[in-house]
Amino acid sequence: MIAIYPGRFDPVTLGHLSVARRASGFCDRLIIAVFDNPAKPGLFTAAERVDFIKQSIKDFPNVEVRSFSGLMVNFARKMGASLIIRGLRVGADFEREMEMYVMNRRLDEGIELCCLFSEPQYQYLSASLIKEIVILGGDSSGLISEHVAVALKNKLASV
């Protein structure tokens, strides 16, 4: 089975990587799909985000990383995927994922959704919160990979 784990990953967190690691255990191939939305650019380019994830998943043998734009179900179809993986942190995530599930099912009934609860230490972790912590001079260790932390500090210093 081929699964897609989509997201912005701006930047990728240890919570994201935890979901990817767990999902890779029950699918033959997992594609981490970095959403590239030109209308809403992030702090990092899609290419930078793909590179950060590639550096972080070297030990995940059945996981690959690609960027995509447009509808996620179209990308999933193109990749031959039948499952979308999403991580759930807090209650608001459930509501958003339910909305997306209903719309994705309307667009393609052949693609299922699997939501994985975040591990407790990552329940309130978000890319936005990471950026705020770093901007305010806080310690991001244990929240993002070291190579991502260095790139984030450098990027924020130049903004």
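Yeah, the Cβs are placed from backbone N, Cα and C, and that goes for glycine too.
As recorded in Swiss-Prot:
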type	residues	note
BINDING	HIS16, GLY87, LEU88, ARG89, GLU97, TYR122, GLN123, TYR124, LEU125, SER126, ALA127, SER128	ATP binding site
BINDING	LYS40, MET72, ARG86	substrate binding site
SITE	HIS16	site 'Transition state stabilizer'
Candidate with sparsest Cβ neighbourhood (10 Å radius) among MET72, LEU88, LEU125, ALA127, the listed binding-site residues: LEU88
Position of peak Cβ density within 10 Å, selected from the binding-site residues LYS40, ARG86, GLU97: ARG86
Recorded ATP site residues HIS16, GLY87, LEU88, ARG89, GLU97, TYR122, GLN123, TYR124, LEU125, SER126, ALA127, SER128, farthest C-alpha pair in Å: 18
Integer Å distance between the CA atoms belonging to GLU97 (ATP binding site) and MET72 (substrate binding site): 13
Rounded inter-Cα distance in Å - GLN123 (ATP binding site), ARG86 (substrate binding site): 13
Secondary structure of ARG86 (substrate binding site) (DSSP, helix/strand/coil): strand
Tertiary neighbours of HIS16 (ATP binding site) (same chain, Cβ under 8 Å, six or more apart): GLY7, PHE9, GLY87
Inter-residue Cα distance where the pair is LYS40 (substrate binding site) and ALA127 (ATP binding site), in Å: 15
Protein Cβ atoms within 10 Å of GLN123 (ATP binding site), excluding its own: 13
Whole-number Å value for how far ARG86 (substrate binding site) lies from LEU125 (ATP binding site) (Cα to Cα): 15
Rounded Cα-Cα span from LYS40 (substrate binding site) to LEU88 (ATP binding site), Å: 23
